Amino acid sequence: MDAQALITWLSHALRRLAGCMAWLLIFLGCAIFSHAAWATAPNKWVIDKAELTSMAGRREVTLPHILQPQDYLPAGSRVRYRITVPLTRVPAEPLGVFVSKLSLSGALYINGQFILNCDQGRLEELRCLHKVNLFSTPSSVWFVGDNVIELELYATARQMNGLSKVQVGDLDELHDGAYWVLQWLKIEFLSGLAWVSALLGILSLAVSWVLRKEQAYLWFGIASIAHALGLLNLTVSNPVIHVEVFTWMVFSSRLVVAPMALLTMLSLFDKLRRWMILVLVGFALVGPLVLGLSGNSRIVLVVFFLPFLLATSVLLLFFMRWAIESRNPIKLITIGMALALVFSGMLDWLRLTGRTDFEGVFLFPYTYSAMLMTLGTLLFRNLATALKQSRIDRELLEMRAAERMAYEVTENIPVGTYTLVYRQGGRRGQFLFVSQRFLELTGLDRKSLLVDPKPFLDILHVDDGAAWQQFIARTLDQRDTFSMEFRIFHFSGEMRWVSTEAVARSLPDGSVLYEGVLIDQTAMVHAKREAESARGILLQQQLEQSRLQEREQLMRDMHDGFGSQLAGVRMLAEKGRIRPEEFPQFLHEITADLHLVVDTLGQLHITLDEALIDLRHRLERRFSGNGPRLHWDSQLAGLPALPQRQILQTLRLIQEAFNNAFKHARAQNVWFSAHYDAPTDLLTVSVRDDGQGLQLPKVRGRGLNNMQYRAREIGGKFQLIERHPGVEIILQVPDVSKAAQTDSA
């Protein structure tokens, strides 16, 4: 910003500031005029004399009056001001008693009757020193003659204590005259500043969380929130927390806002150093701690503020020089606000020590709020500028990246570009442009191709040449975008698969211009063929594996079923236990077992219980006469429907167990049990005999292995237990319902 622009901007800013000040002066002038007019109105009293009763005794004082240390205990005690108001008649309407300031808290009595405290609660729990008080008194408490007004005050040594002038008169006139001006200036306006300060602090802390390196937003956020807490001292008279804690919080906020504001300004001027952060942050941490240990002593607060105020005054000289060098109008205004802050701080320090007028206000909240607004404007203006510049930089980077990507795509992808024109009435086109990649794909020469397109037609596959001509003729009639796949022969003799896509555009002379690309599809075609070949091989392998599995399954079914029965018949025949006339019966049962395989796999809704009934019938017929005695126990109530294959595998395992008991163990009894436990969803099948048992190394044949295999296939657990006598084969299938649902799904 040049000097002329700076002067122009400052002149506009000063004119606006002067306008605001003019309106403020008019407002204050009207308020003062109305206040003076009210003070001179008849039947209105402005009382400046009172009788004080305190620890120092009773004496006449002039209002406004400041209490002396000997009037009250340092820890806090009560004093009483007595005022007399003569009335010639009883008021018809409630009278108002206006007290612009009392400290620390107070209560109003009229003619010995208690009227009201300055707020709800005990005087020892209230802080009304900044509150504007307008008491409404009923007309019944007044009488003709001298009326006694008593104001009982609670005072401590932490602040300046006393009483302002007292005004008595019509309640509405008091409210519209002196009360509402001070109420707006000292309470409403400061409440608004507190909310604005808190909002600025939260926004600034949020920005500092995102922009970790920009520490100015952190210091400004802390300063704004601490200032908002400090303003509670001026707007809250009945704190919700303990009054001592509230007092400490208010005083501590003053010890935090000053160093945080200084850190913010140093950051804005790029003069912040690490040792400065350590010193100022240490001051902000140690100050509240010492203040709390001292019991919120006003002396400690003054001692902490005095050196900081002196140091800030010296630093302001440097800030002024830096602001002038920067020629930044916002920084110049910020320095002006800082000077006003230092000046108001000196006045407030005098007020804090009791050396100024009692009825005045503290200027620090107003000037510090104004400086915070200025700093916030500067910070968020810088943020907006940075965001705008960041957006511009990002758009520039995106544009450059797009240009770079377009260049890389054009140079590296396997696409050739061309421009082909067909003159009006012609059926043979002419190449106007071909890219280097187009020439690499076709193996043609640019000069010859631009003169005559015939070399391109010559490299077309014999089966695709006629299709190309028909395709071009059709697209010329329609003058539309076209795409086609065809084969070409490279000059090296290699056949390539290519595709082309082109956009048609009509020219003013009636010609049709095609702008298109030529894409090499050779690798994709080869990959597709290889994938199809691999898929065919995989399907063939899966088919062969399925056939092997079916063959193996059939072998197991044959061995477990009629194979095992044939072995049993053979053994009986060799021992002479079967008469020739019995052979047809055994062959009939073997055939029936084969039918069981077909029936089990062929019935969609057969249950395990039904299959076991059929198996029991066949076993009883088989073992009748010369076989072991069969004991049967089947309790399968609630068993869900099982898949046919699982039923068949279970039957085969049971049948193999019976065959082992009959063939190897020479058992006299065979016990069979099948139980389903619904709560645990467990199916248990057991086959036990009382034979001579099994010698495990000798029975690891196909039958035992098949039983173990079938148990695993249906998700069961197989056990072979020596019982002495005999053995027991146990099959346990857990989670039967889940297996049935999975298979059905």
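Glycine is treated like the rest: Cβ placed from N, Cα and C.
Because TrEMBL annotations are produced automatically, they should be read as predictions rather than curated entries.
TrEMBL annotations:
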type: DOMAIN; residues: 404-477; note: domain 'PAS'
type: TRANSMEM; residues: 21-41; note: transmembrane segment
type: TRANSMEM; residues: 189-210; note: transmembrane segment
type: TRANSMEM; residues: 217-236; note: transmembrane segment
type: TRANSMEM; residues: 248-268; note: transmembrane segment
type: TRANSMEM; residues: 275-293; note: transmembrane segment
type: TRANSMEM; residues: 299-320; note: transmembrane segment
type: TRANSMEM; residues: 332-350; note: transmembrane segment
type: TRANSMEM; residues: 362-384; note: transmembrane segment
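Within its own chain, the transmembrane segment (217-236) is flanked in space by residues 127, 130, 186-187, 190-191, 193-195, 197-198, 200-205, 207-208, 211, 246, 249-250, 253-254, 256-257, 260-261, 263-264, 267, 362, 365, 368-369, 372, 375-376, 379, 383, which lie at least six positions past its ends and keep a Cβ under 8 Å from the stretch.
DSSP places the residues of the domain 'PAS' (404-477) in helix, strand and coil in these numbers: 43 helix, 14 strand, 17 coil. For the domain 'PAS' (404-477), the model gives a mean pLDDT of 78. Residues 217-218, 220-225, 227-228, 231-232, 234-235, 365-366, 369, 372-373, 376, 379-380, 383 of the same chain sit 6 or more residues outside the transmembrane segment (189-210) yet have a Cβ under 8 Å from a Cβ within it.
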